[in-house]
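**Student:** Shown below is the structure under consideration.
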Amino acid sequence: MGVPDCLALPLLVTFLLLSLGLPVLGAPPRLICDSRVLERYILEAKEAENITMGCAEGPRFNENFTVPDTKVNFYAWKTMGVEEQAVEVWQGLSLLFEAILQAQAVLANSSQPSEMLQLHVDKAISGLRSLTSLLRALGAQKEAISPPDTTQVIPLRRFTVDTFCKLFRIYSNFLRGKLKLYTGEACRRGDR
């Protein structure tokens, strides 16, 4: 039993736009508040981490890639305003996206790229684009704007990675940590 022809094209276009990270009319505006949605991206990130853990001494990058620190000081996080949390999440997503694009370039320039690594890098890029779109629909601002009641936002802590294993571990930890904490709080505040 298939999808009627009159619905097939709109569904296909919707899935295409979502995979590109573009907003889709008719998409539930708070889809990220459904825990199953975020868990799907976390699961994909964890799979990529698990695949690359077996090759800890696998391909190294020619240069180190900058990624966000994923450690969370829960006391400091709880005292931050949701706007400050949003800034930290956007900065982290931006660093991750840039690092994963650099990893994609490493694979593209490799003489024998691993199809499995390429698949997980492509999924990570698609996932980050979709998460960006879902966060915009939640009302999170992409621009790292300092909240009006603070004079300055503490810059996001960063460090560097030199392997796919470390990159995917950071990606997985960031989604399970800061992103999940932020969306949980933003969704709760939006329900009030």
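Cβ atoms here come from the backbone N, Cα and C positions, even for glycine.
Pulled from Swiss-Prot, these are the listed features:
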type	residues	note
DISULFID	Cys33-Cys187	disulfide bond
CARBOHYD	Asn50	N-linked glycosylation site
CARBOHYD	Asn64	N-linked glycosylation site
CARBOHYD	Asn109	N-linked glycosylation site
SIGNAL	1-26	signal peptide
**Student:** Among the glycosylation sites Asn50, Asn64, Asn109, which residue has the fewest other Cβ atoms within 10 Å of its own Cβ?
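**Tutor:** Minimum Cβ neighbour count within 10 Å, taken over the glycosylation sites Asn50, Asn64, Asn109, occurs at Asn109.
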**Student:** Taking only the glycosylation sites Asn50, Asn64, Asn109, which one has a CA atom nearest to the CA atom of Cys187 (disulfide bond)?
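**Tutor:** Comparing Cα positions, the candidate nearest Cys187 (disulfide bond) turns out to be Asn50.
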**Student:** Counting only residues 6+ away in sequence within the same chain, which have a CB under 8 Å from the CB of Cys33 (disulfide bond)?
**Tutor:** Leu138, Thr183, Cys187, Gly190
**Student:** With H, G and I counted as helix, E and B as strand and the rest as coil, say where DSSP puts Asn109 (N-linked glycosylation site).
**Tutor:** coil
**Student:** Taking the Cα atoms as reference points, how far is Asn64 (N-linked glycosylation site) from Asn109 (N-linked glycosylation site) in Å?
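**Tutor:** Rounded to a whole number, the Cα-Cα distance is 16 Å.
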